[in-house]
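The annotation substrate binding site is assigned in Swiss-Prot to D19, V20, N21, R35, H58, M59, G60, R61, R117, R150 on the grounds of sequence analysis. Taken from Swiss-Prot, the feature ATP binding site applies to K201, E323, G349, G350, D351, T352.
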Amino acid sequence: MLNMRDVDISGKRVLIRVDVNVPLDANLNITDDTRIRAVLPSINYALDEGAKVIIASHMGRPKGQVVPELSMAPVAKRFKRLLKKEVELAPDSVGPEVKAMVEKMKDGDVIMLENLRFHQAEIDNDDAFAKELASLCDVYINNAFAVAHRKNASVVAITRHAPVCAAGFLLQSELNYFAKAMNDPARPLVAIIGGAKVSSKLGALHHMLQHVDKFVVGGAMASTFLKSVDYNVGKSKVEDDLLWEARSLMKRATMQGTAFYIPVDAVVADRFSPDAESKIVPIREIPPEWMIMDIGPATALLYSEVLASAKTIIWNGPMGVFEMDAFSRGTMSMVNYVANSYALSIIGGGDTDVAIHKAGETHRITYISTGGGAFLALMEGKTLPAVAALERHQAKI
């Protein structure tokens with residue numbers, strides 16, 4: 001797979017696919033521009049090389065309809081501020097008006113295409129739409145790790161038509177960090193897996209079990225593991241159809257010598273509410289009508305001891321309902337332990353990055369992935385469609 005440094009982009013029309021699907025408030029102001037800042041190195045490199053830069057992205061889920069509230073206008077405005085140069089917003093992502101704008105570009109100019117998902121063809125990986133997108137450029141750069149797991153026209157089909165295709169710095173960096181952590185890790189390698197459902201992490205759990213030395217489990221999904229070994233978890237959310245699978249995973253871990261840690265105590269509540277009555281109880285003493293909302297202090301201490309010896313940490317998913325302050329302590333404790341660790345730490349998806357930002361510890365984490373689903377797909381051992389498309393293109397030429 002080519003990197004953008006490997007191709008000549010001087011004076012060329014360079015379409016850079018990014019994922020700047022950023023959160024907006026009610027007034028359409030950007031509340032977190034992390035994803036925008038993450039793609040700046042690739043854009044600045046292209047500009048320094050004298051390219052004509054065309055930025056393409058999506059925003060939200062407009063389902064193939066033009067939704068004014070999901071326009072790329074706020075993003076174009078933020079790019080203008082960060083790049084310190086004019087960034088013109090195109091009226092669409094394809095069409096004669098866009099084509100005319102591109103033809104008038106001079107070296108060093110920047111255009112931002114309108115929301116790609118205003119066209120259903122983008123979601124459908126439509127070849128004709130991809131061909132029209134590709135006609136705008138001489139070089140296509142995929143720098144959108146967060147959608148690298150999706151078979152969209154601007155991610156996959158476009159590589160069949162663009163003359164030259166390569167990976168941007170962000171995409172390459174994401175892949176390199178994960179590959180190092182999985183294929184050549186400093187050990188012990190500890191995986192922290194949290195979040196709501198075992199079902200959504202099952203593939204990752206199976207694949208990671210082949211690589212990690214220790215597993216740490218939290219979040220609502222821990223309830224399924226706890227019940228699978230006969231703990232009463234009250235009214236906690238449990239995936240009963242996966243109890244055998246959960247028990248089997250733990251047994252497999254034991255047989256191969258991989259430590260598998262589940263909570264020993266929990267913060268439980270009488271209802272799912274920020275102002276619910278709550279208390280800390282040992283796992284064996286969860287009241288029948290109560291539910292687990294967070295890991296308890298004894299569990300946090302146990303997990304801190306596991307992390308203390310770690311040399312590599314991969315974390316996906318919070319330890320509890322951390323968006324409710326009353327049940328955020330477990331996740332925030334883990335953030336603190338990981339941040340204070342000397343291990344190479346990689347954080348990705350499952351709102352874990354939100355917790356890191358909330359705690360103000362981003363600067364103490366080795367790498368925070370911009371991808372959720374894409375990061376999980378790597379944890380499952382899958383080849384990302386975006387990467388496969390770039391590799392096919394290189395093989396063809």
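Even glycines carry a Cβ here, placed using N, Cα and C.
Given the structure is predicted, the values throughout are model-derived calculations rather than measurements.
Note: the Cα of R117 (substrate binding site) and the Cα of K201 (ATP binding site) are spaced 27 Å from each other. Cα spacing between E323 (ATP binding site) and D19 (substrate binding site): 24 Å, rounded to the nearest whole number. Looking at D351 (ATP binding site) and N21 (substrate binding site), their Cα atoms lie 15 Å from each other. The binding-site residues under consideration are N21, T352. Their Cβ neighbour counts within 10 Å are lowest for N21.
Set side by side, the binding-site residues D19, E323, D351 differ in how many other CB atoms lie within 10 angstroms of their CB, and the most is found at D19. For the binding site of substrate, formed by D19, V20, N21, R35, H58, M59, G60, R61, R117, R150 according to the record, the largest Cα to Cα distance is 18 Å, rounded to a whole number. Its Cβ taken as reference, R117 (substrate binding site) is surrounded by 24 other Cβ atoms within 10 Å in the chains shown. For G60 (substrate binding site), the same-chain residues lying six or more positions away in sequence with a CB closer than 8 A to its CB are N21, V67, L70, N115, R117. Annotated pair T352 (ATP binding site) and D19 (substrate binding site), C-alpha to C-alpha distance, rounded: 18 Å. A separation of roughly 19 Å, to the nearest angstrom, links the Cα atoms of G349 (ATP binding site) and H58 (substrate binding site).
K201 (ATP binding site) sits 23 Å from D19 (substrate binding site), taking the C-alpha atoms as the reference points. For the binding-site residues shown (H58, K201), fewest C-beta neighbours within 10 angstroms: K201.
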